[in-house]
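The structure under discussion appears below in the form of structure tokens.
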Amino acid sequence: MNTGPAATNSPAATPAPTSANSAVATTATAIVNIASLVTNDPSLGDGTPLGLIQDAAVVIDGDRVVWVGESSKAPATDNRVDAAGRAVIPGFVDSHSHLVFAGDRTAEFHARMSGQPYKAGGIRTTVAATRAATDAELSANVAHYMAEALRQGTTTFETKSGYGLTVEDEARALRIAAEHTDEVTYLGAHIVSPDYADDPAAYVDLVTGPMLDACAPHARWIDVFCEKGAFDGDQARAILTAGQAKGLAARIHANQLSYGPGVQLAVELGAASADHCTHLTDADVDALASGDTVATLLPGAEFSTRAQWPDARRLVDAGVTVALSTDCNPGSSFTSSVPFCVALAVRDMRMTPDEALWSATAGGAAALRRTDIGRVAVGARADLVLLDAPSHVHLAYRPGVPLVAQVWRTGVRVA
Ligand code: NIG
Ligand code: FE
């Protein structure tokens with residue numbers, strides 16, 4: 001990795017506020033001897049988007065980062081953690097998951113890996129199991145997969161409803177999701193409910209009417225699966241604009257299984273993110289490059305459905321902001337591992353290790369329109385991951401290896 005001028009800080013003996021660093025209380029915790037620190041602040045370190053600082057330290061006070069810079073210049077603090085030459089990166093921001101579910105689709109995966117194509121209709125299997133589950137079972141499931149992801153470095157999760165598809169089951173899914181995260185998405189429009197198979201228009205009325213009324217108080221976002229066999233462009237527009245009118249912000253499952261109107265609709269409606277982006281025309285890429293909608297790529301889905309990879313290189317080269325997330329769900333992508341997605345993005349989607357790391361942290365934050373996470377800079381939330389490796393490049397260089405040594409979230413060591 002490049003080394004460059006490191007951040008300038010006050011000497012240890014006389015810590016004082018600078019434009020880059022706050023005053024540091026001695027009660028703070030300094031993590032020192034970091035071989036390479038990814039800050040995602042281009043004004044720090046080597047001046048690249050990763051803002052990489054070699055031989056670095058980070059100081060945490062309460063839930064915030066209060067100082068970053070060269071380890072030798074770290075201010076005096078009561079608590080010191082020796083990173084012993086490990087790399088430190090921002091906690092991963094997984095901006096797309098579907099964790100409120102019950103049941104299992106091993107048989108469907110097994111059949112697919114034995115030659116059958118992925119069909120989104122498998123969602124109905126999970127809808128039946130989710131409706132039959134108790135609140136406690138669903139909540140325990142969310143907690144289980146979030147804990148699994150946390151151990152792999154994910155400190156922020158978005159998660160969705162979408163396996164209830166009745167007013168009561170969707171509202172309950174969102175209530176349960178909200179017990180575990182602030183980033184909750186209403187996806188009543190995942191597929192047309194089996195109960196409305198003969199009248200999809202009536203289901204759209206439900207999703208934009210009574211179901212939205214019941215769900216909006218529990219969610220920040222509204223999402224729709226815009227795809228052949230799910231919701232077309234007109235339906236998706238009606239659903240997202242109804243949600244926006246109720247104060248929800250839009251995101252969309254777009255262009256996953258085929259070309260379609262989803263990506264351009266996302267840009268037109270000012271959606272925070274268009275997710276999947278597997279089948280894109282030049283006009284879709286141009287639209288993304290001209291707007292501020294993030295393209296969220298979910299390589300776990302292509303891996304688990306043996307589909308073509310999204311063309312990350314084309315998006316990055318066009319200047320589109322790209323996020324990388326897991327899409328963790330029991331059907332198309334049953335992985336909670338962002339490091340796995342980073343490795344796929346580097347190996348198979350031709351992102352550089354730096355781009356993939358940025359997309360899995362700062363990119364996820366952008367997809368959630370958050371500025372407090374996805375970076376390690378003064379004022380950011382103290383969400384950090386220590387890797388058993390000297391640099392973030394090892395996440396792709398050593399795929400499948402559990403490199404996450406420590407996870408800090410809101411200034412507390414949690415794993
Ligand atoms: O993002 N594409 C739609 N929804 C999920 C799949 C859900 C499922 O198969 O259960 C996805 O891949
Ligand atoms: Fe999804």
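Cβ atoms here come from the backbone N, Cα and C positions, even for glycine.
Residues annotated as region 'Disordered' in TrEMBL: 1-20.
The Zn(2+) binding site feature in TrEMBL is assigned to H96, H98, H253, D327. Within the same chain, residues at least 6 positions away in sequence whose Cβ sits under 8 Å from that of H96 (Zn(2+) binding site) are E158, K160, S273, D275, T296, L298, A323, S325, T326, D327, A367. Reduced to three states, the DSSP call for H96 (Zn(2+) binding site) is coil.
According to TrEMBL, the 4-imidazolone-5-propanoate binding site annotation covers R105, Y163, H190, Q256, S332. Taking a C-beta cut-off of under 8 Å and a sequence gap of six or more, Q256 (4-imidazolone-5-propanoate binding site) has these contacts in its own chain: F225, E227, D275, H276, T278, H279, A301.
Packing around N329 (N-formimidoyl-L-glutamate binding site) is summarised by its Cβ count: 28 other Cβ atoms lie within 10 angstroms of its Cβ, all protein chains included. Positions annotated as N-formimidoyl-L-glutamate binding site by TrEMBL: Y163, N329, G331.
Among the binding-site residues H190, Q256, S332, no residue has its Cβ under 6 Å from any atom of ligand 2. Checking the binding-site residues (R105, Y163, H190, N329, G331, S332) against H253 (Zn(2+) binding site) with a 10 Å Cα-Cα cut-off leaves H190. Annotation: H253 carries the greatest number of neighbouring Cβ atoms among the binding-site residues R105, H253 [cut-off 10 Å, Cβ to Cβ]. In the three-state DSSP classification, H253 (Zn(2+) binding site) falls within a strand. For ligand 1, the nearby binding-site residues are H253, Q256, D327, G331, S332; that is, of Y163, H253, Q256, D327, G331, S332, these have a C-beta under 6 Å from one of its atoms.
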